[in-house]
């Protein structure tokens with residue numbers, strides 16, 4: 001048992017250490033020195049092997065010793081090996097390799113082969129990335145070749161090469177992560193593994209970095225999002241998510257094209273940021289010597305085109321909002337918006353039900369999907385896209401949820417109503433950052449008491465006019481508009497309304513928005529004189545609709561983070577502390593029909 005009288009040793013004339021502590025430190029230093037010596041010896045061994053042509057067969061290691069190096073050492077050795085190939089006249093980056101058949105097609109075409117089959121009369125060329133390399137004795141090497149989301153085994157046998165030296169030379173220079181081309185015959189091993197049996201393997205592009213093993217995978221989210229290429233190499237489920245995203249966009253295009261809509265493109269930089277209540281990004285145009293705003297929504301341009309006689313238009317593209325980043329928000333995001341002359345919001349509800357229910361059935365095979373809002377380990381929810389979707393009236397349902405009678409909707413623009421809503425938020429502990437306008441207070445209450453009830457698709461309808469400066473007034477309920485938002489799993493994915501086409505009323509609402517902006521609401525709209533002038537030429541009865549592609553993709557891929565469905569999400573620089581993922585973002589109280 002150690003005692004306080006344990007003898008001490010002075011180190012560098014300063015700190016006093018016990019003999020046990022000194023012994024521990026000396027042992028640790030010795031162990032570190034041995035490790036460094038071993039790595040140095042291994043590095044020199046690999047460099048020597050690189051500098052001279054190998055004259056022995058590959059052993060079971062097949063470069064496995066290199067896997068024990070730290071990443072920097074591995075990169076150095078691999079880079080020098082590739083440079084040596086260039087010196088000896090071997091091009092590690094050839095211009096072209098003709099591929100006869102994809103890996104997927106190869107598997108479909110030859111999976112019927114029997115164990116032990118070898119089609120020597122069929123020669124094909126395939127290509128892919130090496131994910132595993134393993135030797136069986138000195139004359140047989142297996143590779144796992146991956147690409148297109150599938151795996152094909154390469155069974156390299158020395159007897160199929162011109163000489164054993166050629167077999168050794170070709171296979172000794174290949175490592176995990178390399179992209180190779182393989183020319184050979186289809187076959188199956190005795191155990192029934194479909195393989196291509198090569199006559200020749202060509203290095204097409206070496207991987208200079210140590211590739212993580214598939215067994216362990218790439219799980220660190222920071223690395224996955226910043227190095228999406230590596231994420232795609234190692235995680236096939238990521239590839240599948242973006243395939244689903246592509247299918248969603250393809251389905252929407254096909255659906256709208258069949259309804260006679262024309263796909264259009266509108267400016268992404270604007271003098272005035274219109275079409276939604278949101279904070280814009282500002283850029284500068286050198287030639288024009290003026291600030292421009294990245295678009296927050298394309299709505300106003302679309303309605304101008306309807307004025308011009310293009311009755312059905314749609315656009316799938318990026319929007320930019322200078323707001324926070326969280327699990328469901330990214331500063332740039334993708335929407336689909338369409339505008340349909342001679343239609344109202346009732347028509348668009350039917351179109352929305354038909355589009356989304358058909359899409360979900362087409363992509364997943366069922367109207368019902370399972371979603372985990374808190375991640376794979378969290379609670380699972382069943383989301384049912386079977387039409388018709390649930391519909392609720394915003395103000396009526398809010399009164400039921402709050403257990404209070406709100407002022408008449410015709411009085412929602414008064415200070416008295418604002419004060420009542422303010423008091424309710426205080427009493428219900430609902431946070432609303434300033435400015436505490438009627439529209440913002442209503443939006444927070446709806447989020448707290450109505451949106452949380454929307455698991456399966458639910459239309460929240462008939463928003464107050466004060467929340468919807470671009471929507472047409474309700475034909476039978478004063479103070480309300482003909483607008484709906486579609487919520488799924490408590491999140492808005494669609495926004496639509498019968499469009500306001502009275503130029504006088506539109507100008508009045510723009511002026512009210514200008515007052516809100518002057519009062520400190522930096523998300524309020526600007527007055528767009530060009531749009532008001534266009535309305536004066538006559539906008540036919542029109543309905544407009546917008547949907548967030550990113551959020552819909554989250555639901556259909558069971559992803560609870562928007563970064564999972566964006567190939568290259570917004571990230572803070574690595575030298576800054578990453579806090580963006582936890583930032584709370586106020587939901588926009590109105591929108592173009594965009595999310």
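These residue numbers are counts, starting from 1, taken along the chain as shown.
Backbone N, Cα and C define each Cβ position, glycine as well.
In Swiss-Prot, the entry for phosphoserine among 18, 588 corresponds to 588. For the substrate site, Swiss-Prot gives 275, 337, 339, 495, 499; the one candidate out of 299, 529, 536 that the record lists there too is 299. Scan Swiss-Prot for phosphoserine across 102, 246, 254, 393 and the hit is 393. Swiss-Prot lists region 'Disordered' at one of the ranges 550-572, 573-595, namely 573-595.
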